[in-house]
Amino acid sequence: MSSRRRSDAKATENDHNQNSVLSAKVSRALEVRSDTPAMKAALDALAHLPDHQDDLFSVDSRSVRVAIEQDALQQALFLQEKLRGLLDTVSDLRNGVTEIAAIAHEVEDAVSMNVMADSKPPPSDSNSEAKENENAAANTAADIGLEAEQKLALTLSEAFVQRNMAKKRVEAVHAFLEKFDLSEEDSRLLDHYAFEDIETSAVNGMAFLAALERVRVIRLELGQKSRLSDADASRLGASSTLRMMEGLAMKQENAYERLYHWLQKYLRVFGNESAGPNALDEDVLDEALSNPFVLKSLRALKNVPAFHSHLLELIASSRRSEETRRFLIALTSGYQGLPPIEMRAHDAVVYVGDMLAFCFQAFSVEADVAKGVLRTVADDDDDGDEGEVKTPLALDEADYLIEKPMTAAEMVIQSMGGVARPLKSRILQVIANLSRRQNDDYESDDDMEEIEEEGSGARHRLAQLYEICGLLLFYMSAIGKSISKLEDWEVSTEKNPLLDSLVECLEEGTQAYDASLRVYCSMFEQLNLLTGDSESLLAHAMIIKLADLRNTSPGFTTTVECPADCKQALSLDFACKILVEASLPSCKSLDDTVLLKQAIATANESELGEEITLSLRDKIEIRETSLINELVQKETSDVLDLCGLGSLLSALDRFNGVQVDGMVMSAHPGLAPEDVQVAMKEFYTSLYSPPIPSFESTIRDPSLRKSARKKIADSVCDSYKTLYDTMTTSERGGYDDLGFLSHTPEQVSTLFTL
C-alpha cells in the first residue's frame, strides 16, 4: 500500500501542472493522521473484515465509510447512555446533599439559640409510686437522648465554624497571594530576561519593567504591613513577611543589577568604550537615549540611586567628550556638511557669533536630553502607559538610598563643561587682537595708506568689540533662560563652566572696549592732522556707529540683563560722554557743534539717558555760544569797515589813548570834520542796505543765523551811538558844525534793521 502511495505521489509530482485536483486529493490523503480515534476505529473495522469476498460482501470505499459511520453511531449512543446514567446519579446526590445541609443548618440554628426542651412531669393528683417510676424511667431515657443530640449538634456546630474559618482563611490567602505574590511569568522575566527584543517591539522588556515595579510596590506594602499592630487579625506573620521580603529583595537586587549592566553596555559608556573619540558614532548615543525602553529603564533605575547616579555620570562624561569633539570638528573640519567655523576667523564678529551659536545649540540639545532622561514618574502619567504601576517612592524606603543622584542641571553642566575652555581661549584671542592697533604686530612700508585707514580702522575695531560684547550678553541670557527651565536648577549649587567662561570673556571684552575707546579719543588730534577729519566728525561717526549697533544687536535689548560690572562701560551714556567731552574743546566751527548735536539726537533714540542727554546738550550749547560770539565779533568789525564807521572807531580808540585835558576830537587825525562828514555820509547810505553777512554757509541753524545777524546789527548801532554821544559833547568833540550827524541813535537803530 505504501509503495502504491509512493508511485501515486511520483505520478502526481510529474503531472502536477496538468491535474491539480488530483494532486490536492493526494496531498490531503498523505496528510491524514493514523493516530486519531476515528482513524483507529476505521482501521479496526477493516481488520475484522472476512478474508474472502463474495457477491454479498465486497470491500470498497463505500462499505468502509458505512462501517465507520455505524461504528461512530454506536459509540455516540453508548456515550449518551452513560451520560444519562451519570446525570441521574449526580441529581440524586445533589438532592441528598441538599437535604443533609438543610438538616445540619436546622440543628446549628437550634444549638446557637440554646433552645433546650424542658421536660417536666405533667401535674397529676395521683401519687402512685408506679406512675412515678414510669416518669423517672421516661425522664432518664429523654435525658440520655437529649445529651446525645446535644453532643451531635455541638460537633456539627464546631464543624461548620471550622468550615467557615477555613473559607475565610482560603479567601485571605488567595487575596494575599494575588496582592503580594509574583506570577510565574514575572518571576521568569526578573530572573532570565536577556533584553533581546529591545530593537523591535520590546514587549517583554516593558513586561520586565512592569514586574520590577510590581516587586518594588509589593516590598513597600509588605514593609507597611509588617509595621502594623499585633492586634490586627489579618496581619501576616512576621516570619512569613520577612521570608517573602527577603526573596523579593534578592530578585529585585539581581534584576536592578542586570538592568544597570545592560544599560552600560547598550549605551556604550562602560570602560574604554567611551574614552576614545572614535569609539562612538556621533549619533549612536543620541539614538540610544531616545529609545523609549531605555528612558523607562533609566526612570526605573531611579529607585537605586547608587546605580542611577553612576550611570548618569557615565552618560554625562560620554556626552562631554562627544560635545567637545563635535565643537573641535566644527571649528576645524566642519560639522554636518557646514564649512569650518575657522574659515571665517578674518571676520571677528561672525567668527565669535558662529562659535556661540554652535555652543548654544549644543547646550539646548543637552538640556532636552537631560530632561528626557530624568523625567519623573508624574510625567509618565501623561503618556497614558497602562502597563506600569505608578507608585511614588516612599520617604522611608531607604534600601538603596546611598547617595544623592545627579540633577538635570548638573548633568547639562557636566556635559557642556568640555566646550568652555576652547571657546574661552578663542574668544579671548579675538578680543586681544581687536584691542591692539594694526601696526602693533607689523610695520608696513606704505605709511600713507596706514594713515588713511587709521581712523576707519580704529572705529571698525571698536565697533567689533562692542558687537562681540552684545553677542556675549545675548547668549549668556539665552543659556541662563534655557537652564532656568530645568526644575532642579534652583536647588543645584554646581557652577556652570560654560556660563562662567562667557562672563569672563564679557569682562575682558568690556575692559578692552573701554581702553580702546579712551585711546580713540586721545587720538583725535593726531587723526585730525593725519586724515583732515575734525574731532567732532570723528566723535560723530563713532557715536552713530555705536547707536546703530545698539539698535541691531540682540544683546542690548531691554530684556537682556547686563552684569553690574559691565553695565556702565557698555552703556551708550558712557561712550557719548567720553567722545563728546574729548571732541568739544577742539570744536572750531559751528558745523562741529551741529555734528555733535546730531550725534546726541541719534543716540537719544537708542536708549541714551535723558540726564546725560541734557548735560551734553548744555555743554554743546555753551561751546556753540562761544563760537557764535567770536564769529559775531569778527563779522561786526568787517561790517563797520564796510559801512564807513570802522575808521572813525579806530581813530576814536587812538584818541582815547592819547587824550589829555583840553584836547578835542576835531583836532585829532582821522576825526577831522571832513573825515567825519565823509564817513557819516557813507554810513547813512548803507542804512537802507545794511552790509550784514547772511551766514548761510557758516551757520546752518536758521535761528542761530538770525541771532548772529541781530547781534551784529546791535553792535553797529551801539558803535554809532558811542560816536554820536562823544561828538555831541562840547568838551571832547570840539565840532562847530554838527550838520553831518543827520540821524539820532534811535533813528539809526530803527533804520539799521534786518
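Heads up, the Cβ atoms here are built off N, Cα and C, so glycines get one too.
The range from 116-138, 369-391 that TrEMBL describes as region 'Disordered' is residues 116-138. Between the listed ranges 1-23, 438-460, TrEMBL ties the annotation region 'Disordered' to 1-23. For the domain 'Conserved Oligomeric Golgi complex subunit 6 C-terminal' (241-751), the model's pLDDT averages out at 80.
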